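**Student:** Sharing the features that TrEMBL gives for it:
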| type | residues | note |
| --- | --- | --- |
| BINDING | Pro32, Asn33, Gly34, Cys35, Gly36, Lys37, Ser38, Asn39 | ATP binding site |
| COILED | 172-202 | coiled coil |
| COILED | 235-372 | coiled coil |
| DOMAIN | 419-538 | domain 'SMC hinge' |
| COILED | 572-606 | coiled coil |
| COILED | 663-714 | coiled coil |
| COILED | 778-812 | coiled coil |
Amino acid sequence: MYLKRVELHGFKSFADKSVIEFTPGVTGIVGPNGCGKSNITDAIRWVLGEKSAKALRGDNMSDVIFSGSEDRKAQNLAEVTLVFDNEDHYLDYDANEVEITRRLYRINNEAEYYINRQPCRLKDITTLIMDTGLGKDTLSIISQNNINDFVAQKPEERRPLFEEAAGVAKYKARKRESVAKLERTTNNLERVDDIVVELEKQVGPLKRQKEKAETYLAYQKQLEEVEVSVLVKVIENLSTQLKTLDDQIKTSDQEKTVNDGNILIKENQSEELSKKMFHLDQDVNNLQNELFTVMKNVSDLEAQKATIDASRKQAASSNNQEDLKAKIASLKGILKDALREYNDRVERYQEVKAEKEQLSAQQSQNAQAQEVLRHEIENLNFEIHKKRSEKTQLVDQIENKSNYGYGVRSILKAKDSLSGILGTVSDLLTAQKGYEMALATALGGSVQNIVTASEDDAKRAIAFLRKNHAGRATFMPLEKMQPRKVREDHALICEQAAGCLGLMSRFVSYDEKITPIVENLLGNIILADNLDHASQLSSLLYARYRIVTLEGDVVNVGGSLTGGSMSKKNNAFAQKEALERLEKAIKKDEKAYNEKRIALNHAENEGRELSSLFMQKQMSFAKLEVVVTNKKNELTMAKSDYEAAAKDHEDLVDDVVEDHSLLDELNAQKKRRDELSEEIQAKRTLRMSYVNEKEALENELKTMRSDNRRYEKALTENKIAKTKHETEIQNYLMRLNDTYMMTFEHAKTLADPDIDLDASTRQVKELRNRIASLGSVNTEAIAQYEEVSARYEELTKNRQELKAAQDKLLTAIEDMDHIMVDRFTKTFEAINKEFNNVFRTLFGGGHAALHYTNPDDILETGIDIEAQPPGKAAKLHSFSGGENALIALSCLFAIISVRPVPLCILDEVEAALDMANVERFAKYLQTFADRTQFIVVTHREGTMAHCDLLYGATMQQKGVTKLVSVQLKEAQQMAS
Ligand SMILES: Nc1ncnc2c1ncn2[C@@H]1O[C@H](COP(=O)(O)OP(=O)(O)OP(=O)(O)O)[C@@H](O)[C@H]1O
């Protein structure tokens, strides 16, 4: 390999493109001072990788670009190419010729590098020439300064030259890299070690915490599964019991109400009976007194009559003729009395008969009246039951809101466990009577909106619905609701308009605190009496408002109409109104029912009285029948007695003046007596029946009161049980909500319906105990552990890798050290030997040697020079400049002979030598010329004489170097 050509363009004084051809052997470059000879050396050094501007004799790298002269402008870039012949493939590059180019731009200070015109990095160039003997720090470029400094250098500063000769630069560079790597690896290892130790401290406790947290979560999961099923089952059981209790309460309540009514009626009846008995007693008493008087009268009158009858009987029994007249007269008197009595009794018989018939007629009237009343009572009872069941249905609809959305119902059910739920709009508003349809229309779907105290309450409720998949609902936070209004001028138009009743909000009752809701929902809705007026009004108001009618038709904003028939069934306000109406009707029917019951009772009493009277009449009638028969017999006998006596004695029959007053009075008194007896008897019988009836009533009342106590007791017990059940259900629902954030419906979908309640309840308790025994738990530990342990594992792996890398690097460094020591020692010894030889040749005798300054550390040792020219003492600092140069050149040649280099550039290295030594130097050069290509910058003729090729550097144009091939003579002229 040798340098074939150097091409320069714009480099320092080489303004124009210059091509310098070289041949193997020694090439001399001559010329006057400052004409640019050393710039060629700089150019070669630059291409071979020099990075220091100072080494290139400049301040900045851009100083290498031609900076202009008197006649020439500065260049914008410098470019130098070295062309090597590489036929022997000395350079490790697959080409017979290798071109290395470096280029630098002034404008951005950017450099470009090429190998065989292919762009590359500076590092690729230094790698290519490493250990070839080329390169900026090698033996290939030796300047006058290098030579001058060599002897004065510190031993350590001389070492690189020897290292280069020993070919350890590659290893040194690699070692440097390995050491740097080792340092980085060690640093990393230490850092990783620190972290691993730190992590180790954390991993243990975190693992324990994580395991505890996992156990806790497993228990919690188990607990949730079991407890949700238990809670669902318990709630279902309690709900079933609650339903039974409700039914029992309803039944007891109804039974008690019926019983209460019956007791009241029976008590009234009993009281009435007492009153009647009291009056009967008074009547009987009075009648009894009168009876006494009448009986005394009868007795008196009968006594008088008996006297008369006795004298008549005496006269009648006489058989004297003279008394015959008196006898006939007596018998006639007896006959007349008998007839009168008979007629009297017959008349009474007829009277009693008539009375009996009248009573019978009254009885059947009474029976009819009773029948009518019973029928009416039955009807009323049926009505009341019907209305009560309608009411139950209606209450159920109103309370359970079965026609409302799922979300609304879910919220109402969970109301107690949520905060700030005030109820639905339909709960909080009541339509005034007659405005139910209008209000329902005005509100539309908003009736189902749920009013909350605050916006946060609404948000919590929405979160609850979302979590439980429990439907959707609209919420109206009181604090957020803005009023809607009708403009004042529009309100004035309304006031004047036909059929306008005013703002809908005026026809609603509500609690003052929900005013914002009412003003928001109804503040701009107008009520009109009918659709025609509503339509006219809408036109007047430019169709800006919603106008509803009493019938529930609507003129919408914009003027469209909605209307037709509307079911009241789902109208919340109509439902409320219907309930009120139903309750009133039930009360009215109940009142009528009780009144009819009392009337029936009266009729029954009257019936009883009539029947008692009728019985008595019947008895009197029967008695009278006997009396009439008796009287008839008596009359027949009297008639027969009279006719027997009067027969054949018609002359003796006188027309006696008859005085019937006594008999009439007696008959009258007797009639009265019988009437009184009959009446007393009737009243007594009646009283007796009243006594029996009252007794029966009291017995019934006793039973009913005892029933009532039973009902009350059952009611109280059931109500207490109901409250207890409700509270328990509420508590369980709250537990579901608070602990598991679940609605009952959602929990039901997750629950196991076939659990054994007792066993599961025990399991819940046990799990709770287990959880409690875990103490404080950090659930974050699971994620923390995962993170820390993953990091720990990764870093542990890292540590192993780093450790392996460290070991590998240490081994590599050790190997390199061995190689370097070996090579360095061998090369050093060879150079040392050669040094003495060259020295003796150049000095013509004497002695020279090289020594390690630190033989124990071959890798770092400096190199000492021991030189003793013939006849002189060996003190380096006391040699002349020329001697120093010769010593240095001896060493240089020794090195070159041990380690031949392909190219060596010597820049005025022999300047300090005398002519004889220059001669020796030049000759010596020739001894190497077959192995090493020399380029020698020189002023010395002796050197020039031994050059194979000579170039002369000139500056024909000022400041611009031009190189021409010259003959020795021309060169000598140029030098001189
Ligand atoms: N960037 C540059 N642009 C133009 N000319 C430059 C630039 N850098 C250096 N020079 C010129 O190059 C010359 C120096 O060249 P160089 O040091 O190679 O000369 P020389 O021939 O080696 O001299 P000597 O024999 O004294 O060592 C100077 O004239 C300097 O002005």
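A Cβ is built for glycine as well, from the same backbone N, Cα and C atoms used for every other residue.
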**Student:** Along the coiled coil (235-372), what average pLDDT does this model show?
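**Tutor:** When the pLDDT values over the coiled coil (235-372) are averaged, the result is 89.
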**Student:** So if I exclude everything within five residues of the ends of the coiled coil (778-812), which remaining residues of that chain have a CB under 8 angstroms from its CBs? That is, six or more out.
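**Tutor:** Distant contacts of the coiled coil (778-812): 174, 178, 181-182, 185-186, 188-189, 192-193, 195-196, 199-200, 202-203, 206-207, 209-210, 212-214, 216-217.
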**Student:** Return the members of Pro32, Lys37, Asn39 (the binding-site residues) with CB less than 6 angstroms from at least one atom of ligand 1, or none.
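**Tutor:** The binding-site residues passing the 6 Å Cβ test are Lys37, Asn39.
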**Student:** Relative to the mean position of the Cβ atoms of Pro32, Asn33, Gly34, Cys35, Gly36, Lys37, Ser38, Asn39, the recorded ATP site, which additional same-chain residues have Cβ within 8 Å?
**Tutor:** Ser13, Gly31, Ala953, Met955, Thr961
**Student:** With DSSP as the reference, give the number of residues of the domain 'SMC hinge' (419-538) in helix, strand and coil.
**Tutor:** 65 helix, 24 strand, 31 coil
**Student:** Top stretch among 172-202, 235-372, 663-714 for CB pairs under 8 A with the coiled coil (572-606)?
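**Tutor:** The listed stretch sharing the most Cβ pairs with the coiled coil (572-606) is 235-372.
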**Student:** Six or more residues beyond either end and a Cβ under 8 Å away: which residues meet both conditions relative to the coiled coil (172-202)?
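**Tutor:** For the coiled coil (172-202), the nonlocal Cβ contacts are 130, 163, 788, 791-792, 795-796, 798-799, 802-803, 805-806, 809-810, 812-813, 816-817, 820.
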**Student:** Just how many other Cβ atoms lie inside 10 Å of the Cβ on Gly34 (ATP binding site)?
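**Tutor:** Result for Gly34 (ATP binding site): 13 other Cβ atoms within 10 Å.
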**Student:** Does DSSP put Gly34 (ATP binding site) in a helix, in a strand, or in coil?
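**Tutor:** SS state of Gly34 (ATP binding site) = coil.
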**Student:** Let me spell it out: for each of the binding-site residues (Pro32, Gly36), count the other Cβ atoms within 10 Å of that residue's Cβ, using every protein chain shown. Which one has the most?
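**Tutor:** Within the set of binding-site residues, the most crowded position is Gly36.
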**Student:** What is the total of other Cβ atoms whose distance to the Cβ of Asn39 (ATP binding site) is within 10 Å?
**Tutor:** 22
**Student:** Could you work out which of the binding-site residues (Asn33, Ser38) has its C-beta surrounded by the smallest number of other C-beta atoms within 10 A?
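**Tutor:** So among Asn33, Ser38, the binding-site residues given, the one with the fewest Cβ atoms within 10 Å is Asn33.
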